[in-house]
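A quick write-up on the structure given underneath.
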Amino acid sequence: MARFIFITGGVVSSLGKGLASAALGALLQARGFSVRLRKLDPYLNVDPGTMSPFEHGEVFVTDDGAETDLDLGHYERFTGVPARKTDSISSGRIYTNVLERERRGDYLGKTIQVIPHVTNEIKDFIRIGEDEVDFMLCEIGGTVGDIEGLPFFEAIRQFAQDKPRGQCVFMHLTLLPFIKASGELKTKPTQHSVKELRSIGLAPDILVCRSEGPIPVKEREKLALFCNVRPDSVIAAQDLKSIYEAPLAYHREGLDQAVLDAFQITPAPKPQLDRWEDVADRIFHAEGAVKVAIVGKYTQLEDAYKSIAEALTHGGMANRVKVQIEWVDAELFETEDPAPHLEGFHAILVPGGFGERGTEGKIRAAQFARERKVPYLGICLGMQMAVIEAARNVAGLKTAGSEEFDHEAGKKRFEPVVYHLKEWVQGNAKVERKVTDDKGGTMRLGAYDAVLAEGSKVAEIYGATQIDERHRHRYEVDLTYRDQLEAVGLKFTGMSPDGRLPEIVEWEDHPWFIGVQFHPELKSKPFEPHPLFADFIRAAKDVSRLV
Ligand code: GLN
């Protein structure tokens, strides 16, 4: 049966709770344990699928087709354990489940209350798959004191009571602000945060304190005394140059040891940290740098393309180069020539996106990359725009466009080389969708197989002709135009196994121009860079050597 680690946060948000959880997961693996990480989010949205990337960062998609919080991306990147639908839940989903049961009469007419009905629903969720792993790490989103978070805190309190003693450990992440004027690290906000936790019945076993520098002994002792934790369970989380240093840094600080001590696991198995030492070595001993432009819409918030930025970094690690990413607003190219903005980059990436805004700019970026022979990676919408560009500017289909934009505008303006997918096969079941279906949950989501053409560049890059990758989209490139596009050199080198859905296109006679309908970035890891990103950066490195 799994042991449970509950990770909560206090003082302020954005302290890196997800990263601390992910790094701890990696360290427990390094000690030979199996882990699963889960995120419990107090917000009332049913899932993050319809939340704006401006507000919430990217939507991370799992193999089994769940649209989840971007923290699940961190978990996967650090542990390599593919996240599942059952690894992420929100208050909205919990309440929906409870209310649906109430409507079905499952509660036999009882009065429905937060305790026990909502808290039981949360506890049932936490228990899913508890026999499969040694450690289950559950991160509670938000900070202690948030009104939406209370049922979650209450549920984990009860959960620990339900389990035998020593089965659950609580870890609390806070901030130690440094006051310049007095030259002091302040422990008071942490003390208050722990007091708040204790007032709802939770006592942390481990305190992880985010600070700019090391925590002096005096402050450490004070925190231990006032917060009722052992001094060696006060762990400093100092600012790091790279997130991938986190497992080693937390190990040096004694986090994994403190956790094993809290569970009274003795003797603690020795950690095998070579994987993370190699990762750190590749990051800190890069030879040279490449510049990559990401031409997108949500450029104000980098978290909107979190997995892409990470996958590019992994690609850099595979080639021992640093990847300098610049975010370029696609809308700029609707009025301005892209050339002065894009010259000087060694590669161009056009990421996924929804809606028409910025798409003409993305099409121009694809054109620039094709004509100037700059490595181009188009992901999802970025592939669709590359196809439209090819259709308009090379194959002579002057009015080529996507049905997505016509649908938005409510009138027909384009020849839809990208059309709305109404039905497809998943496993052996047929899925049918209408344009007018609900916004949430109407997409081709999760892992689908693709077959790669023998001898194509992608088959060479993957070293395989059968792959599976994660999807999140409603529209597809229309096969009707395949012959016309292939005749001018845009080859359809990846297809769904039934041959109906284009998965990959690539330009022949171009050093590196690939568009993929799926999201390869979601499966890239620092210790296992995704082959497409590794090769994309290799191509960028070749360009950087030429200039
Ligand atoms: N908007 C496009 C579609 O729905 C692309 C989606 C994406 O890039 N993730 O097909």
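Note: Cβ is positioned from N, Cα and C throughout, glycine not excepted.
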Quiz item: Given that TrEMBL lists S14, L15, G16, K17, G18, L19, D71 as binding ATP, which residue among L223, L225, L240, L248 does it place in the same site?
Solution: L240
Self-check item: Co-listed CTP-binding residue [TrEMBL; alongside D146, I147, E148, K186, T187, K188, P189, T190, Q191, K222] among S13, S21, S402, S456
Solution: S13
Quiz item: Can you tell which of E331, E404, E408 TrEMBL lists as binding L-glutamine with G353, L381, G382, M383, Q384, R474?
Solution: E404
Practice problem: Just the recorded positions from K186, C380, L381, G382, H519 whose C-beta lies under 6 Å from any atom of ligand 1, please, or none if there are none. | Solution: C380, L381
Self-check item: Other residues, Cβ within 8 Å of G353, L381, G382, M383, Q384, E404, R474 Cβ centroid (L-glutamine site)
Solution: G352, F354, C380, M385, S402, V418, H473, Y475
Exercise. Looking at ATP and its recorded binding residues S14, L15, G16, K17, G18, L19, D71, L240, figure out the farthest C-alpha pair and report it in angstrom, whole number.
Key: 18
Exercise. Calculate the per-residue pLDDT averaged over the domain 'Glutamine amidotransferase' (302-538) and state the result as an integer.
Key: 91
Quiz item: Taking the residues the record says bind L-glutamine (G353, L381, G382, M383, Q384, E404, R474), how far apart in Å are the two Cα atoms that sit farthest from each other?
Solution: 14
Exercise. With an 8 Å cut-off on Cβ-Cβ distance and a minimum sequence separation of at least 6, pull the same-chain contacts of L381 (L-glutamine binding site), or say none.
Key: V350, P351, G352, G353, F354, T359, K362, H473
Quiz item: In whole Å, how far is E521 (active site) from G18 (ATP binding site) when you measure between their Cα atoms?
Solution: 19
Quiz item: Looking only at L15, I147, L240, C380, M383, which of these recorded positions has the biggest number of Cβ atoms within 10 Å around its Cβ?
Solution: M383
